[in-house]
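Encoded as structure tokens, the structure appears first; notes follow it.
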Amino acid sequence: HPQFQNYPNLQRVRTRTLEIANQVDVFFQPLGVRVALLAVEVWSEGDKFTVGSSARAALEHFLHWRQQELLPRLPHDNAQLLTGTHFDDVSVGMSAQASMCSPARSGGVSMVSTTHIPPAVTPPPACPDPPTPVPQDHSISVLVVASTVAHQLGHNLGMRHDGTGRFCHCSDLQQDRGCIMASPTGLTPGLSFSNCSQQDLERSLRQGLGWCLSNVPEPRSLSGTPRCGNRFQELGEGCDCGLSVECTDPCCNSSTCQLVPGAMCATGDTCCQDCQLRPAGHPCREPLGECDLPEFCDGVSPHCPPDAFLQDGQPCAGGQAVCYGGACATYEGQCQQLLGPG
């Protein structure tokens, strides 16, 4: 609600939030990840819970509200809260580490302010290491807010901070900026992820963290006005291969975002080959581990079916662990996922 009070115009808030989400998507695209916005909820008459002045408490309240109130009416993978409330624990953003796809923990909070705020803190929720400070030079800029949200999403995806001993680099370092997942440096927020962030993401996905991310959102479920050329297939589009100067898909007309005559699907679709649907039974997703199951094309949809896995509680790792959310959950493995080897 305080964020709405900063922009007491519902359409202006929605437009600005869409701009932030679009920029977050731009940040993640080089990693092979797309961020699709399903909904924007503006609390114009009052907060749904007490946000308070503590970022840590605000995160816990938000995650509880998300699980109890938001998920039942809007299925989604992750939620981020933008608030105009000032935190007094020197934090402008906080999120749960390696929590993507968790109904209870997949989310983050970011403070939106027009003034300089001290660094944020993002605590790992499972293993007993102290929290690590995160640099933030927070302002009203869409780029800066998007960088903060991308940082929180990065933690949700298992990315750690770019420590000095990790030999991390990104293009922003040549422009006196840190990378998006940088530890405190005094530099302005980064606009690109580092090689370390990419490695953390790949490790997390191999361990099954992103089991809920394999489904393609229905075009009618995406928020905002459909826009041909943004690489999202939205309502009324048969395909979207980007702008004409970047489209390389022979199955898609980039000017109209419709399939070319004779095409049944677009090249980027998992169950598509030479503009035609792959036959039923063609493997489209290999299992990521012993708790995951393979998926196969159904001969009807150009997309691979949603990820399937063994029921939670099934034994794995020779009976030393159990399956949970498609991953073999061992204490050691969870700590390594949160904090890295060692």
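Each residue, glycine too, has its Cβ placed from N, Cα and C.
Automatic, uncurated: that is what TrEMBL annotation is.
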### Query
Among CYS257, CYS304, CYS316, which cysteine is annotated in TrEMBL as forming a disulphide with CYS284?
CYS304
### Query
Between the binding-site residues HIS151, HIS155, HIS161, which lies closest to CYS284 (disulfide bond), Cα to Cα?
HIS155
### Task
Count the other Cβ atoms sitting within 10 Å of the Cβ of CYS304 (disulfide bond), across every protein chain shown.
21
### Summary
Spacing of the two Cα atoms, HIS155 (Zn(2+) binding site) and CYS304 (disulfide bond), in whole angstrom, works out to 27
### Summary
Students should find that the Cβ of HIS155 (Zn(2+) binding site) has, within 10 Å, a number of other Cβ atoms equal to 26
### CYS284 (disulfide bond) CB neighbourhood, other CB atoms within 10 A
19
#### Entry: For HIS151 (Zn(2+) binding site), the number of other Cβ atoms found within 10 Å of its own Cβ
32
